Amino acid sequence: MVRALAQGTFDLLHPGHIHYLEEAARMGDELYVIVARSANVTHKRAPVLDGRQRRDMIGALEVVDHALLGHESDIFVPIEEIDPDVIVLGHDQHHDEAAIERALGDRGIDCGVRRASPRDPAYDGELLSTGRIVDRICERRC
């Protein structure tokens, strides 16, 4: 059985997230998703929703077999526990594939790293970014 692993913040779930997870699921027989803990999200604004709520929403998706929160201090701990065959990165995630492969190798984790394709909006006004959703909320409600 091929284990695929996706990871991300998944704050304010949107069609871009669904596209990413569906594509990741097609790369394996079983999809694990690591949802970043709020305290570990340092490369962008803090999530709006609590990590447990984001994990529960991701776990409720039919395409996801297992959803879990990331480790509090070492992002590789759940990867070691899951032992995936492939890690699938989102098309716009800031991670560098080569650096991840090196770090995995240094820890004795043998798995590939692939990047999911982008998704274009299906219609005018479709928002595929949490930041854009927040901006729209502020435009209309603040």
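One-based numbering along the chain as shown.
Backbone N, Cα and C define each Cβ position, glycine as well.
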Among Asp83, Asp85, Asp92, Asp96 - the residue Swiss-Prot places in the same ATP site as Thr9, Phe10, His14, Pro15, Gly16, His17: Asp92
8 Å Cβ shell about Thr9, Phe10, His14, Pro15, Gly16, His17, Asp92 centroid, ATP site members excluded: Gly8, Leu13, Ile18, Tyr20, Gly90, Leu128, Ser129, Thr130
Conformational class of Pro15 (ATP binding site) under the three-state DSSP mapping: helix
Residue among binding-site residues Thr9, Phe10, His17, Asp92 with least C-beta crowding, 10 angstrom cut-off: Asp92
